[in-house]
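Read the structure below first, then the notes.
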Amino acid sequence: MFWNNLPKPFFVMAPMKDVTDAAFRTLIAKCGKPDVFWTEFVSADGLYHTREIQKMSDEINPLMRDLAFSEDEHPIVAQIFSNKPEMIAYATKLVAELGFDGVDLNMGCPDKAIEKQGAGAALMKNPKLAVEIIRAAKEASASWRTPVSVKTRVGYNKESLEEWLPILLEATPAVITIHLRTRKEMSLVPANWELMKKAVEIRNRINPEVLLIGNGDVESVEEGRRLALETGCDGVMIGRGMFGNPWIFQGISGLRKPSADWGLTKSPHGLQEKLDALVELAHNFEKIHPPKHFAILKKHIKAFVTGFDGAADLRAELMGAENTSDLEKTIRLYT
């Protein structure tokens, strides 16, 4: 299992809808790879419905587009969600057949549409079903020996690690990623990394073989390494820290050298490099098939175009771009 071969602490990319798509992952792979890539989350029910009921060709299926990846992205984990074990089993087999290195089960997403289905964070309120889903994924992936992981939170309305985490640990996924906020807190309060220590203690007591990843508010690999050493977690997941900084994982190799001479990863790159990276991201984005709406890039524009004189004006102009050509012309006029 690839997870056991990673140096500790390892650093992984957070799965983020309309962020960690193939375009952004391609840019990250060029600028500095994490130890593990993650896809956007994909609906297991949607995969079954589009492929088996609608008989949609994989070539034009937007859900299959979200599962596209390149050889440069290994190891890569596909995240899926559903409240139906049989749908999870279907999607897990598909993910394994596609050559993913792992499959991750979303049990922490607070999106109301996902929760309404009984999936995502709603599974924290239905532990019996959560266990059935883990078992279904493990059984479906056994032939390929594809490890199953879970991404969750410290609780639903309140912190409940002592109740929730043992249930997951006893189902023995290979890895559990813990977003260090409750579902109720969303991302409105700082992540509570003190709770990671508690999670590690519970893990050590119940099932030491399961790896734990901490997630929340990590802005650099240096900060992630410090938090991992302080809490005892095996790995660190970085999400919003990637915005506007595709070089964030560049410093991983330096952290593993005996020397304390580590390079900073909180975007030491200059304005021109950042704008060039944004243009490259836009070109990557236009290669995605079937195409995504160009407006999805706006969240990246906000992140890349900030912190310099004239940023607000340039950002406003770029927000009106309708394609890569428009975006690139505007940037070239500025620079």
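Placement of Cβ uses the backbone N, Cα and C atoms for every residue, glycine included.
Just so you know, TrEMBL annotations are computer predictions that nobody has curated.
Copied from TrEMBL, the annotated features are:
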| type | residues | note |
| --- | --- | --- |
| ACT_SITE | C109 | active site, proton donor |
| BINDING | Q79, K151, H179, G239, R240 | FMN binding site |
| DOMAIN | 13-327 | domain 'DUS-like FMN-binding' |
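Features recorded in TrEMBL, as mapped to the structure shown.
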residue	record	contacts (Cβ under 8 Å, 6+ apart)
Q79	FMN binding site	P15, W38, T39, E40, F41, V42, V103, D104, L105, N106, K151
C109	active site, proton donor	F41, F81, E115, A119, G120, A121
H179	FMN binding site	G108, K151, T152, R153, V154, A191, N215, G216
G239	FMN binding site	M13, A14, M16, N215, V218
R240	FMN binding site	A14, D217
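Using a 10 Å Cβ-Cβ cutoff, K151 (FMN binding site) registers 27 neighbours.
Here the domain 'DUS-like FMN-binding' (13-327) has a mean pLDDT of 95 out of 100. Site extent for FMN: among the recorded binding residues Q79, K151, H179, G239, R240, the largest C-alpha separation is 18 Å. Reduced to three states, the DSSP call for R240 (FMN binding site) is helix.
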